[in-house]
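Annotated in TrEMBL:
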- 363-440: domain 'Calmodulin-binding' (DOMAIN)
- 75-96: transmembrane segment (TRANSMEM)
- 116-137: transmembrane segment (TRANSMEM)
- 204-224: transmembrane segment (TRANSMEM)
- 261-280: transmembrane segment (TRANSMEM)
- 292-312: transmembrane segment (TRANSMEM)
- 324-345: transmembrane segment (TRANSMEM)
Amino acid sequence: MMNNLSVHYFLISFTGTEKIELKVDGSDWDSRDSGNADRSRQNRPSVYGKRYGVAMSNAETVRQRWKMRRRLSDLKVKLCDVTLILAVSGLILAMLDVEFTATRVLEAYVNIEDLSFILRITAIVTTIALLFFLLFYHFIDTKIQLVETGTSNWRVGITSERVLNTLLEVAICAICPIPETGFVAWPQLSAIAEKTRQYVNIPISVLLTLPMFLRFFIVCRYMVLHSSQHQDTATRTIASLNHIAVDFRFVLKSEMYERPLFVLSIASLLFWCVVSWMLTQCERYAYPSISGFQHFADYLWFEIITFFSIGYGDVQVSTYCGRGLAMLTAIVGTLFSSTLIALISRKLILTTCEKRVNHIIAENNITNEHKNAAACVLQNTWRTVLRNRDYDKTNTRRNQQRLAKSQRMLLCSVLTFRKTRWKLRMQMEDEDDYFTARRAFNETEDRLQKVRQRQSQLDGKISTLFENVEALTQAVMARKCYLRQ
């Protein structure tokens, strides 16, 4: 066992990019004596000091902290699931209340006012439960950050940004229809001057239902917590080391990169349905004679046409709410269209391997054309020489025409040869770094192969020369011995 061993542990925060240095002094955590434990406890940095992080006493402390973080993370995911269920339940109850109150399809079976009161009270109960679990979720999220930083001071986890985000989420989720809220006068817009001064009465419960769709931010949080990037520990660690937060923006970019058409299609369909229903609620009270389903179908058509910036003008909006939603649809549609064009352009771009294949094919074709053009130049040169000899022997009109024809063909073949040579040169200049490096490597390898062959030949010649010198030396020595005798 080594003594005076200093071990550094880096705990990566999975909810951010912070890095905490945990320093442990000693040779063995489990076999540390009390003296070393007291010494490490004295040398432990304070959370209120200049250093960031706390020292771990032994391996069991690290293990317990990891288990605590794992348990809190699982609880955080469960709380996100519960808040999503409560948010969607409250939204569905509010939508049912609005539809039953406007269409009165169940008026023959139940009292619409009593049914509306029950639905609104249930929506209020789900909203209260949603607020409780939402605050509990942020409490657990703060506790996870305290566990990651290794401190018990709650002021470390409570920041102004976290407080503002929590208050904003609570304000959004607290919106829900309330019983006996009455009506509000809604101005009706029209191209006719007499109708621009008219007002229609819209229930306040409808206006309170429309902002409830902002609860879909919980869907984004659900996507992040249940994504493969967040659930995979290795991915979160690599992202933290690269100073990348595994948030909704990162998850959305990853999904758009892997499945762009699927993500855009689902998002577009959801946006069309939601905004069409909101337009129906904004416009249906201005035209009470039209049924709700016809309103929804017309404004679904209006949404699709406005989304792609076409606008036939057959369906119009006559309220400020409808105009606001129409502007929102135009802006979102422009963004989606631009994103779709960019994705299609990226899909049409050839990959590096495909570019290399096409480059090799084009280079081979141009090389063959260059060889054929060179061969044609030689053929036409030889024919011109033959026709010139025939013309020198017999100066006739026919030989003169043949000579002129062969000269024209020679000139055309020379021009073709120059064009193919220029194409080959341009193809060589347009090649990427891979082919350049590959060609340089092949040329270097060929030269080295020639050097090795010459070296082998030189070694053989030197060996032969050495053998000849040895034989000559032995012959001279034998001759000297013979002469002495």
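The backbone N, Cα and C atoms fix where each Cβ goes, and this holds for glycine too.
With a threshold of 8 Å between CB atoms, the same-chain residues lying at least 6 positions outside the transmembrane segment (324-345) that come near it are 256, 260-261, 264, 267-268, 271, 275, 278-279, 282, 302-303, 306-309, 317.
For the domain 'Calmodulin-binding' (363-440), residue counts in helix, strand and coil come to 73 helix, 0 strand, 5 coil, using DSSP. Counted over residue pairs 6 or more apart, the CB atoms of the transmembrane segment (204-224) and the transmembrane segment (75-96) come under 8 Å in at least three pairs, which marks the two as touching.
With respect to Cβ pairs under 8 Å, the transmembrane segment (116-137) is most closely packed against 75-96, considering the stretches 75-96, 261-280, 292-312. Mean pLDDT, taken over the domain 'Calmodulin-binding' (363-440), works out to 84 on the 0 to 100 scale.
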